[in-house]
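Comments concern the structure below.
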Amino acid sequence: MVCARHQPGGLCLLLLLLCQFMEDRSAQAGNCWLRQAKNGRCQVLYKTELSKEECCSTGRLSTSWTEEDVNDNTLFKWMIFNGGAPNCIPCKETCENVDCGPGKKCRMNKKNKPRCVCAPDCSNITWKGPVCGLDGKTYRNECALLKARCKEQPELEVQYQGKCKKTCRDVFCPGSSTCVVDQTNNAYCVTCNRICPEPSSSEQSLCGNDGVTYSSACHLRKATCLLGRSIGLAYEGKCIKAKSCEDIQCGGGKKCLWDFKVGRGRCSLCDELCPDSKSDEPVCASDNATYASECAMKEAACSSGVLLEVKHSGSCNSISEETEEEEEEEDQDYSFPISSTLEW
């Protein structure tokens, strides 16, 4: 704008300021949104009164922008009743300058729209075979595990090479970690040298299946790690000289089962329903009876109130496996699953 010579200086300055204000206002009249929904509308309002350049400067793939300068009531109606804002303009139409974050890459999908997909860098992986993850699942290789971590499990790591095992035989744990078998009969690599903090209350005490009182869940985990096999949780609180299950109080929907072999009780979950599966293998239990499955054995234990454990797989009168039982007991503990408070 050029001021005419005959115009007063004050009026010219006022017009200049007004023009500048209108330019700034028009540049900030849009609304910035965090995503464009499948219906084509903008959703999740990020900030109002932003220009498209400001809104799209983050590099996020899903960020979108609308140019309408509307009041709060209209924005509210769009978000609550209309499924988002109309005339939604995505910031990114191609993969150029898209930041997908670590382990992901931008690729154009079948609809010719940019999308972030999991693409971990597997070039430095030397072990090409299967690996066992911290979730207890076997992955065909470490690259497959990295993809699973990218998609839904950010804490997922490789705990050891090879398929997940039921015993510590042939399990080589990395670093200073040690293999331990938990009560679900799965081998895990754990670190035994962690320092357990002193418990702030005696209410943290736990009674182990070995009849020993542990100061906290951490102390029980450490003892389990050093032993190399599961000790297991009998019940919460200090161990008592119980004469029967009537002396033991179980919480969390658990039921006391009495172990006549050692004269102690333990609290076990008894709400598991056994699936109708023909693939389950029969087991020989500690009462020398054969059950259709380990789950059926647990049901019988919960019904009778007497603890049952697996002696060996198969029928009780099918084979005599005294030596095999001794080998199994070195690595496995077929008692009930450990409390979630004791998970590694």
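These residue numbers are counts, starting from 1, taken along the chain as shown.
Note that Cβ sites are derived from N, Cα and C of the backbone, with glycine treated the same way.
Per Swiss-Prot, disulfide bond is recorded for Cys42-Cys88 (among others), and the stated evidence type is similarity to another entry. Counting every protein chain shown, the number of other Cβ atoms lying within 10 Å of the Cβ of Cys88 (disulfide bond) is 19.
For the recorded site, Cys91 (disulfide bond), the DSSP three-state label reads coil. Residues near Cys91 (disulfide bond) in space but far in sequence (CB under 8 A, at least 6 apart, same chain), listed by position: Lys52, Cys55, Cys56, Arg60, Thr63, Ser64, Trp65. Feature annotation from Swiss-Prot assigns disulfide bond to Cys56-Cys91 (among others).
Secondary structure at Cys116 (disulfide bond), taken from DSSP and collapsed to helix, strand or coil, is strand. In the shown protein chains, 19 other C-beta atoms lie within 10 A of the C-beta of Cys116 (disulfide bond). According to Swiss-Prot, the feature disulfide bond maps to Cys100-Cys116 (among others), an assignment based on similarity to another entry.
Sequence annotations record features per position, and here Swiss-Prot assigns domain 'Kazal-like 1' to 112-166. If you average pLDDT over the domain 'Kazal-like 1' (112-166) in this model, you get 90.
Contacts of Cys143 (disulfide bond) defined by a Cβ separation under 8 A and a same-chain sequence distance of 6+ are given as Pro120, Cys122, Ile125, in order along the sequence. In the three-state DSSP scheme, Cys143 (disulfide bond) falls into the helix class. The disulfide bond annotation in Swiss-Prot covers Cys122-Cys143 (among others).
Summarising the annotation, Swiss-Prot assigns N-linked glycosylation site to Asn124 (among others) and lists sequence analysis as the type of evidence. The number of other CB atoms found within 10 A of the CB of Asn124 (N-linked glycosylation site), across every protein chain shown, is 6.
Applying an 8 A CB threshold to same-chain residues 6+ apart, the list for Cys164 (disulfide bond) reads Cys132, Gly133, Gly136, Lys137, Thr138, Asn186, Ala187. The secondary structure of Cys164 (disulfide bond), as reduced to three states from DSSP, is coil rather than helix or strand. The disulfide bond annotation in Swiss-Prot covers Cys132-Cys164 (among others).
The disulfide bond annotation in Swiss-Prot covers Cys173-Cys189 (among others). DSSP assigns Cys173 (disulfide bond) to coil in the three-state reduction, outside any helix or strand. Its Cβ placed at the centre, Cys173 (disulfide bond) has 18 other Cβ atoms within 10 Å.
In the three-state DSSP classification, Cys225 (disulfide bond) falls within a helix. Sequence-distant contacts of Cys225 (disulfide bond), defined as residues of its own chain at least six apart whose C-beta falls under 8 angstroms from its C-beta, comprise Thr178, Val180, Val190, Thr191, Cys192. If you look up Swiss-Prot, you'll see Cys192-Cys225 (among others) marked as disulfide bond.
Annotation comment: Swiss-Prot describes Cys196-Cys218 (among others) as disulfide bond, evidence class similarity to another entry. All protein chains shown were included, and the count of other CB atoms within 10 Å of the CB of Cys218 (disulfide bond) stands at 17.
Residues 209, 211, 232-236, 286, 298, 301-302, 305-307, 335-336, 339 of the same chain lie 6 or more positions beyond the ends of the domain 'Follistatin-like 3' (244-268) yet place their CB under 8 Å from a CB of it. Feature annotation from Swiss-Prot assigns domain 'Follistatin-like 3' to 244-268.
What Swiss-Prot records for Cys245-Cys256 (among others) is disulfide bond, and it gives similarity to another entry as the kind of evidence. The Cβ of Cys256 (disulfide bond) has 21 neighbouring Cβ atoms from other residues within 10 Å, across all protein chains displayed.
Taking all protein chains in view, 19 other C-beta atoms sit within 10 angstroms of the C-beta of Cys250 (disulfide bond). Taken from Swiss-Prot, the feature disulfide bond covers Cys250-Cys267 (among others), and the record attributes it to similarity to another entry.
The local packing around Cys270 (disulfide bond), expressed as other Cβ atoms within 10 Å of its Cβ over all shown chains, amounts to 18. Per Swiss-Prot, the feature disulfide bond maps to Cys270-Cys302 (among others).
If you take the C-beta of Cys295 (disulfide bond) and look for same-chain residues 6 or more apart in sequence within under 8 angstroms, you find Glu272, Cys274, Pro275, Asp280. Taken from Swiss-Prot, the feature disulfide bond covers Cys274-Cys295 (among others).
The N-linked glycosylation site annotation in Swiss-Prot covers Asn288 (among others), and the record cites sequence analysis as its basis. Spatially close to Asn288 (N-linked glycosylation site) yet at least six residues away along the chain are Lys311, Cys316, judged by Cβ distances under 8 angstroms.
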Item to check | Entry from the disulfide-bonded residues list Cys56, Cys132, Cys274 having the most other CB atoms no farther than 10 A | outcome: Cys132
Item to check | Around the Cβ of Cys267 (disulfide bond), the count of other Cβ atoms that are within 10 Å | outcome: 23
Next on the checklist: Between C-alpha atoms, which of these recorded positions comes nearest to Cys42 (disulfide bond): Asn124, Cys218, Cys250?
Outcome noted: Asn124
Checklist entry - Per DSSP, how many helix, strand and coil residues does the domain 'Follistatin-like 3' (244-268) have? => result 3 helix, 11 strand, 11 coil
Item to check | Asn124 (N-linked glycosylation site) versus disulfide-bonded residues Cys218, Cys256, Cys270 - nearest by Cα | outcome: Cys218
Checklist entry - Around Cys196 (disulfide bond), how many other CB atoms lie within 10 A of its CB? => result 15
